[in-house]
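Peer 1: What follows is a single structure, and I will ask about it in a moment.
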Amino acid sequence: GWQVSMKSGSLSYILPCNRLPVQLMSQVRVYTSDGQKKDLGSEDTNGSARGETLHKVETGQDTANTGQKQSLPKQPIQVKVKAVLKKREYGPKYTQNNFITGVRAINEFCLKSSDLDQLRKIKRRSPHDDTETFTVYLRSDVEAKSLEVWGSPEALARERKRRKEAEIKYRENLFRNQRLLWEYKEFFGNTKPRSSTAAMFFKGPGKVVMVAICINGLNFFFKLLAWVYTGSASMFSEAIHSLADTCNQALLALGISQSARTPDPSHPYGFTNMRYIASLISGVGIFMMGAGLSWYHGIMGLLHPHPVESLLWAYCILAGSLVSEGATLLVAINEIRRSARAKGLSFYQYVVQSRDPSTNVVLLEDAAAVLSVAVAATCMGLTSLTGNPYYDSVGSLGVGTLLGTVSAFLIYTNTEALLGRSIEPEQLQRLTEFLESDPVVRAIHDVKATDMGMSKVRFKAEVDFDGRVVTRGYLEKQDIEQLLQEIQQVKTLEELEAFMLKHGENIIDMLGAEVDRLEKDLKQRNPDVRHVDLEIL
C-alpha cells in the first residue's frame, strides 16, 4: 500500500512500498550558454539535509519487518535542459558596425573622398533600380578616420558649424545671382532655346488652354464694346463671363507650368496636384466673378429697369462669340476624346473623374459660354420684340445660374481629386491578383491605391511573404556541398551563432531583393503606378 512518505528538497513523494523507508538522492544541474552550472538541490540546507537523511516510518501491519532498515543505491537523475543563447544588450558599441554611404560620410564627418580610400569597403544590395550594388563603409571606421583627420570631437564640431554657415551664405549668394540673371534676361532678352515647359503649351491640354485664352480675350474685348454701346444687362453678363474665362484659363496655364516642376526634397511626389489646385481656384473664380456679378446686374435690372438701345451690334458680336466659343469647345472635346480613348474610358467617365482638370475646365466653360450666348440672344430678342427690359434682366440671371452650376461641379470634382480618391475597383483587383499570383507572396493585406492625379497612382500594401520560398531561393544560389561542410564544422554555440547570423543576414537581403523585384514588375505591367510601398508582415 501507499505507506512510505519521503521528502526531498521542496518536493514530497509517497511511494507504494511495504518495506523499510527509502532514501532518494537527486542531483539536478542546469547549464547555460556561458558554461556556468547551478545546483538546484542547494537552495535550502535543511531541505538538502532532509533529502540526504534516512526517514524512518513505523508500520503496524508487518511486525516481522519492524526495526529493519534498507537503503537503495544512490543513482543521480539526469535531466536534459534546453540550451539557449544569452540575451544581448545592443548598445552604441554594437551599432557602430552599422553601414554608412560615402556621401553621408563626407558630409556628416567633414571628410574628403581620398580619406575613404583607406577604409574597408563593403558591397551591398542597392535599393535603386538603376544600380545593382553600391559601396558602404563601417560607421566605426568613418568615425575613427574623422577623429584622425580633425584630432578631436570639438574640432569636428567646429568644422561642421563652419561648413553650415558657409552653406547658408552660398544659398543666399545663389539666390542673389539668380535674381541678377533674371534681370539680365529681362533687359537683354532671353536667347536660350525653348524649354520643355514652354513646349507643353503646344500640345495636349496646354494647347487647349492657350487657344481658349486667346479666343476668350478677344470675346471679352468685343462684348465690352457692345455693352458700352447698348447698355444691355445680358451683354454685360456675357462680357463678365468672357473676362472670368480668360482669367481662369490664365490660372490654368500657370498650374500646367507649375505641375511640370521636378520633385524636390520638400515635395518628393512632385507638383502634379497644381493642376487640380488651379482648377479649384478657377471654379471659385467663376462662381464669384461670373455668377456673382451676373446675378447682381440682373437683380439691379429688375429693380431699376431702363430701356435698351439698338441691339444690332450686340447680335453680331454674340454671333461671332458663338462661333469662336464653339471652335474652342470642339478643340476641348477632341482632346478629351483622344485622352479617354487612350485610358480605355468613356467620354462621360473621363470628365466626371476629372482625369485632366485643365481640359475639363475649358470644356465646361466653353459649353457654358455657348449655352449662355443662346440664353442672352433669346432674352435680348424678347426685349427687342416686346420692348420689356425685364426679359434682358432675366437673361442675366439665367447666365449667372449657368455659371454657378459649372463652378459647383468644378469645385466638387477637383476637391475629390485633391482629397486622394481610390482608383477604379477593376484596376485595383488587377494589381492585387498580380501580387497574389507570385509564388513568394502568401497573402496581402490593407491594400490602398490612391489616384495622385494626371494618371499617377500610388500603391501601398502589407505583404505576407512565404519564408520557405525565400529561403529556397537563397539556397538555390548557394553551393550546397560547401554549405553542408560549414554545418558539419559547427561544434560550439559560438560557431552556431556566427553561422546563423551570416546566413540570416543574407536571407534578409534576399527578402529585400524580392521586394524590389515585385515593385519593379508592378510598375512595368502598370505604367500608371509610379510609387509602390510594400510593407513586410
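Even glycines carry a Cβ here, placed using N, Cα and C.
Curation does not apply to TrEMBL; its annotations are automatic.
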Peer 1: According to TrEMBL, transmembrane segment applies to one of these ranges: 233-252, 393-412, 493-512. Which one is it?
Peer 2: 393-412
Peer 1: For the transmembrane segment (208-229), which partner among 276-299, 311-333, 367-387, 393-412 gives the most CB pairs under 8 Å?
Peer 2: 311-333
Peer 1: Residues of the same chain, at least six outside the transmembrane segment (393-412), with any C-beta under 8 angstroms of its C-beta?
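Peer 2: For the transmembrane segment (393-412), the list is 233-234, 236-238, 241, 244, 279-280, 282-284, 286-287, 290-295, 297-302, 305, 360-361, 364-365, 367-368, 371-372, 375-376, 378-380.
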